[in-house]
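The structure under discussion appears below in the form of structure tokens.
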Amino acid sequence: MSLLTFDAPRADKADVRYRLPSRATLARVALAVAAGGAWLAFAGLTAYWPDQGDWGHGSELAAAAGILGGALALAGVLGGLWPRGAARLRRSTPWLLALGLFFTLWQAATAKFAWLPQPFFPPPHALLEVFVDDWAKLWTSVVASTQLELLGFAAGAGAGFIIGVLLGCFSAFGYWVHPVMRLIGPLPSIAWLPIAFFAFPSSWSASIFLIGLTTAFPVAVLTWSGVASVNSAYYDVARTLGASRAFLVFKVAIPAALPHVFVGLFMGLGASFAVLVVAEMMGVKAGLGFYLQWSQGWAAYANMYAALLVMSLMCSGLVTLLFRVRDRLLSYQKADVQW
Amino acid sequence: MVSLAQTSARERAAFEPGVEIAVEEVSHSFDLEGAPLPVLDGVSFAAARGEFVALLGPSGCGKSTLLRLVAGLEPPTSGVITENGRRISGPDPSRVVVFQDPTLFPWRNVRDNVALGLEAQGLLKTRRSRIDETLRLVGLENFTKAYPHQLSGGMAQRVALARALVNDPDLLILDEPLGKLDSLTRLSMQGEIVNLWRRAGFTALLVTHDVEEALLMATRVIVFSERPASIKADIAIDKPYPRHRDDPDLIARRREILGLLGLHDSW
């Protein structure tokens with residue numbers, strides 16, 4: 001299978017060589033060449049049309065886009081030489097074409113013709129400039145944010161899980177904790193922000209608390225509902241086989257509730273990102289939220305977009321990580337959602 | 001004295017599998033929104049060591065409830081159930097239940113499901129070899145790594161059977177274990193269960209609403225009435241195994257039992 005596959009491959013290769021390419025093959029080649037063309041257009045526009053402002057690294061970006069565009073067009077034509085690589089590339093060609101067009105339009109609308117109000121919408125090479133010149137600061141921000149997020153999330157997930165299991169297994173615990181949870185749980189954690197910042201020794205520890213609180217509520221509720229909805233026949237089976245109370249909790253209730261727990265973890269993770277960003281904007285003097293706020297103070301709009309992009313990569317990475325953990329722990333299930 | 005008596009009882013059990021089960025004047029009712037719903041009404045019978053007793057009755061008559069009481073999952077409202085003369089007060093791995101649904105733990109593979117009882121009793125280290133033996137016994141030695149969702153209904157029920165047998169029970173409680181299987185799997189598993197019982201010598205209690213199944217498998221058939229269940233008839237089936245469903249004696253018994261269940265005109 002390749003961009004230059006000629007109809008159905010036959011046993012006799014020599015014969016196949018001389019057949020005309022099929023319509024589907026031609027369409028695939030055209031798509032790859034068009035994608036290459038879009039990137040070449042982006043490169044040309046970037047390099048040869050004068051900028052309406054002062055942004056660095058335009059020539060480097062043009063060179064990189066030109067190389068990519070040329071390579072794509074070439075791959076489209078010569079794909080038959082390396083069928084497996086071409087097959088892998090083929091899945092991405094529609095996206096590569098769309099991205100090439102998007103970048104060309106973006107470049108035209110900002111640096112070249114200023115259709116979008118400046119300086120609020122920086123061109124692509126302004127973002128590249130940020131990544132090249134300010135990567136150290138961005139990197140320390142990512143590390144700080146990830147650390148804060150993971151610590152808060154782990155604390156909240158652990159606490160929520162334990163509370164959920166206790167709620168599901170012991171009614172006496174529920175008598176005291178359930179009303180408190182009903183009162184506090186639905187309250188957005190952000191509302192605690194002013195209190196947390198003076199009640200805790202540092203804004204950092206306050207943020208850990210807030211992220212933990214945000215995570216703990218959905219994890220607790222879903223763990224609880226998971227434990228409560230365990231098929232009672234599982235307990236009957238385990239009891240007739242001589243299971244102790246601890247065995248029923250750790251080897252029956254918790255494994256059976258695990259799919260629910262992960263739903264709670266996903267909800268908690270999503271909600272905690274919001275708290276992370278707000279906490280960093282409001283108090284913590286590090287992290288991507290802080291970087292975003294700081295860039296706004298300096299009217300460094302390109303830095304804001306760059307930080308936004310990095311932040312979405314970080315959040316997406318963490319969600320992916322959670323999916324991996326879930327897929328590993330719940331590997332016995334038929335896979336439902338692929339992230 | 002007490003410990004001595006217990007030891008001797010256990011030693012006897014080790015050499016002679018199976019227990020005597022006595023159900024004495026047992027009545028039971030459920031609390032249904034405040035109003036008691038009687039399901040068992042003064043049921044008394046005894047199963048001798050190594051006997052295979054089938055409890056037959058119309059669906060919903062309370063047979064399964066009786067099994068839950070014998071298993072010790074619930075205490076009876078009134079009456080006493082004893083095992084070798086000792087009152088049953090809770091579940092015990094010497095009395096294992098195979099339910100109508102296999103209820104395998106979906107997060108455990110076949111081997112780990114079978115290991116469940118040994119694990120719960122802390123016997124995994126000393127009796128690990130029993131797991132593979134039992135899996136071979138039910139013909140699943142090639143599926144030890146499979147997960148429950150990958151198994152057919154018959155295979156899943158075989159795993160449930162292995163999960164029970166691995167504990168070397170003295171009493172095997174079968175709560176319509178073949179009720180949801182297709183008729184061919186059902187026929188072959190009826191024979192398999194009888195063979196396992198004859199080999200191991202445990203006492204077996206089988207709840208079923210299939211007259212033929214009861215006649216093919218059991219040494220005794222106890223027929224229950226509609227809810228609240230009471231005993232209508234207690235019929236010994238002293239026929240050698242393997243039995244054949246077209247045996248004229250069994251056909252006569254079948255007519256008799258269907259008559260007791262109010263299905264005289266059934267063909």
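Placement of Cβ uses the backbone N, Cα and C atoms for every residue, glycine included.
What TrEMBL records for this protein:
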{"type": "TRANSMEM", "residues": "A:26-49", "note": "transmembrane segment"}
{"type": "TRANSMEM", "residues": "A:61-82", "note": "transmembrane segment"}
{"type": "TRANSMEM", "residues": "A:94-115", "note": "transmembrane segment"}
{"type": "TRANSMEM", "residues": "A:150-176", "note": "transmembrane segment"}
{"type": "TRANSMEM", "residues": "A:183-200", "note": "transmembrane segment"}
{"type": "TRANSMEM", "residues": "A:206-227", "note": "transmembrane segment"}
{"type": "TRANSMEM", "residues": "A:248-278", "note": "transmembrane segment"}
{"type": "TRANSMEM", "residues": "A:298-323", "note": "transmembrane segment"}
Residue list, the transmembrane segment (A:94-115) vs rest of chain: Cβ under 8 Å, 6 or more residues beyond ends.
31, 34-39, 41-42, 45-46, 49-53, 55, 58, 65, 69, 72, 121-126
Looking only at residues six or more beyond either end of the transmembrane segment (A:183-200), which have a C-beta under 8 A from one in the stretch?
206-207, 209-211, 213-214, 217, 220-221, 271, 274-275, 278-279, 282-283
Top stretch by Cβ pairs under 8 Å to the transmembrane segment (A:206-227) (candidates A:61-82, A:150-176, A:248-278, A:298-323) is A:150-176
Cβ under 8 Å to the transmembrane segment (A:298-323), counting only same-chain residues 6 or more beyond its ends: which ones?
55, 119-122, 126-127, 129-131, 134, 138, 141-142, 145-146, 149-150, 262, 265-266, 269-270, 273, 277, 288-289, 291-292, 339
With a Cβ cut-off under 8 Å, give me the same-chain residues at least six positions beyond the ends of the transmembrane segment (A:248-278) that come close to it.
145, 148-149, 152-153, 156-157, 160-161, 164-165, 168-169, 189-190, 193, 207, 210-211, 214-223, 225-227, 229-231, 234-235, 238-239, 287-289, 292, 311, 315, 318-319, 322, 326, 329-330, 333
Given the transmembrane segment (A:61-82), its same-chain partners at Cβ distance under 8 Å and 6+ residues beyond its ends are 2-5, 28-33, 35-44, 46-47, 89-90, 93, 96, 100, 103, 124-125, 128
Tertiary contacts of the transmembrane segment (A:150-176), defined by C-beta under 8 angstroms and 6+ residue spacing from its ends, are 207-228, 249, 253-254, 257, 261, 264-265, 268-269, 272, 275-276, 318
